[in-house]
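Enquirer: Pasting a structure below so you can have a look.
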């Protein structure tokens, strides 16, 4: 390349750089400093801040160690599957780190005594029981914009009834009103959620679509907007009962990460939800310990470092509950083998019964 051509290229590059600097300067004058910046700049935090879900297995399945801050999360599933329990565990974990949490109880069904058993500090929990969907979402928007709330739970999307529906007659048809309300609210929320680093968790119910011949007939309420705006979508289902002789003492629960913008999705994790206790940490330590080859299983016996910890899963759980030092040691070993466990949790792009889930 000739000297003249080199000078021409350099001049063109300099002109482009000057034009870019002028554009950035104009944007900053119009919208304030920091309105545009380079992603790899010294002031930019690349690491995603997270809050634990209260389930070691689910933290691993999410790929980043918990639910991400500054994002919208959707938790959905059938009735009595553990949706509110999971949300309350996230609140409890955030409060342990000194965070402020709020609960918008549109269903008017929150049980304070159960929340306390899960580790929620009720004295520090903000709660609202709004009358209409518009009121609930306005309260949520105000709390997010304050920048002072770490976790905000809306329970549930299905209970966010538009005011026009409340004030109308029982048989009136309000086609698409709920979906429009959610779409408008999410458009307003999404920017302030990112700036305030608030985790906004929408709990949702499922409905059956009429006339579906092939594929999964299940869908979530509130239209499609939440499916697009949510960074993480988790499907939670009760897959069995835990019995003590003839008495049912808990649920076997399965969670599938249906959508994940921060790590590979479709991971499936199983854990126990015990009545009056919530997610069984000791049960997870045993199950994940076996998957990570930290805990050895020989027949019905479980052992760790040649020490027998119990015959049968329930006895092993009791042993770990009585020996917190060993439980902490096993947890540390499991976290070190998180990559191995993550591969073991990998599922396929279907729902928990193997049929494709609608995105």
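Cβ from N, Cα, C; glycine included.
Quick paste from Swiss-Prot:
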- 77, 78, 79, 80, 81, 82, 83, 84: ATP binding site (BINDING)
Enquirer: Counting across all protein chains shown, how many other Cβ atoms sit within 10 Å of the Cβ of residue 84 (ATP binding site)?
Expert: 23
Enquirer: Taking 80, 81 as the binding-site residues to compare, which has the smallest set of other Cβ atoms within 10 Å?
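Expert: Counting other Cβ atoms within 10 Å of each of the binding-site residues 80, 81 gives the minimum at 80.
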Enquirer: Far apart in sequence but close in space: which same-chain residues, 6 or more away, have a Cβ under 8 Å from residue 83 (ATP binding site)?
Expert: 75, 76, 77, 155, 156, 203, 204, 236
Enquirer: Taking 8 Å from the centroid of the Cβ atoms of 77, 78, 79, 80, 81, 82, 83, 84 as the cut-off, which other residues in that chain fall inside it around the ATP site?
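Expert: Filtered neighbour residues, in order: 236, 237, 238.
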Enquirer: Tell me, by DSSP, whether residue 77 (ATP binding site) is helix, strand or coil?
Expert: coil
